[in-house]
Amino acid sequence: MCPARSLLLVATLVLLDYLSLARNLSVATPGPEMFPCLHHSQNLLKAACNTLQKARQILEFYPCTSEEIDHEDITKDKTSTVEACLPLELIKNESCLNSRETSVITNGSCLASRKTSFMMALCLRSIYEDLKIYQVEFKTMNAKLLMDPKRQIFLDQNILGVIDELMQALNFNSETVPQKSSLEEPDFYKTKIKLCILLHAFKIRAVTIDRVMSYLNAS
């Protein structure tokens, strides 16, 4: 494993561990400010887990378990959710604190107040960009799966719906990601393997998003 990937993995594990601890120590009742996005993130995680479980059952003769697949992060070099959502308590570079405390105005419904810190806005925007990338990938893959004469598996509207709901709650304007199209005849076996890889990666990202929302709600 290359040093950069190892460093990112360590940072991700530290963030998840810290956010998990913060959530366990916090009051269970969600605060009114972050409740909308916390609710949406919980739905997102539930949909991600259910969709992955269903895919593993349907594709039981395919390499679709966590141990069998080649893990891939499609958001790599495109977003920086782990870094942007790192709690201030874990930041060692004090020169960054002033910019992190700067207030900005947001348009999303995640916060009761549209005024939030620069770093919280950056964190939420990065989550939005993650969701947008996965949304495009899922739609592209679903279009291929629907072409399969066997109609063995395809994504239902639930997972696409919860992604869209959280994106609407975050409400960031950004460039449209074009949906990929190919003139080649789709390889349905490879597409189903790719679906497994994508669902495993999305579940991990959904866990991160849910823990970030829980932490923000508690703080």
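Cβ coordinates come from backbone N, Cα and C, glycine included.
The signal peptide annotation in Swiss-Prot covers 1-22, and the record cites similarity to another entry as its basis. If you look up Swiss-Prot, you'll see Asn24, Asn93, Asn107 marked as N-linked glycosylation site, on the strength of sequence analysis. According to Swiss-Prot, the feature disulfide bond maps to Cys37-Cys110, Cys64-Cys196, Cys85-Cys123, an assignment based on similarity to another entry.
Structure coloured by features recorded in Swiss-Prot.
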| residue | record | DSSP class |
| --- | --- | --- |
| Cys37 | disulfide bond | helix |
| Cys64 | disulfide bond | coil |
| Cys85 | disulfide bond | coil |
| Cys110 | disulfide bond | coil |
| Cys123 | disulfide bond | helix |
| Cys196 | disulfide bond | helix |
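Listed in sequence order, Ala55, Arg56, Lys192, Ile193, Cys196 are the same-chain residues six or more apart from Cys64 (disulfide bond) with CB atoms under 8 A from its CB. With a cut-off of 8 Å between CB atoms and residues at least 6 apart in sequence, the same chain places Thr81, Ala84, Cys85, Val212, Leu216 near Cys123 (disulfide bond), listed in sequence order.
For the disulfide-bonded residues Cys110, Cys196, the largest tally of other C-beta atoms within 10 A is found at Cys110. The disulfide-bonded residues considered are Cys37, Cys85; of these, Cys85 has the fewest other C-beta atoms within 10 angstroms of its C-beta.
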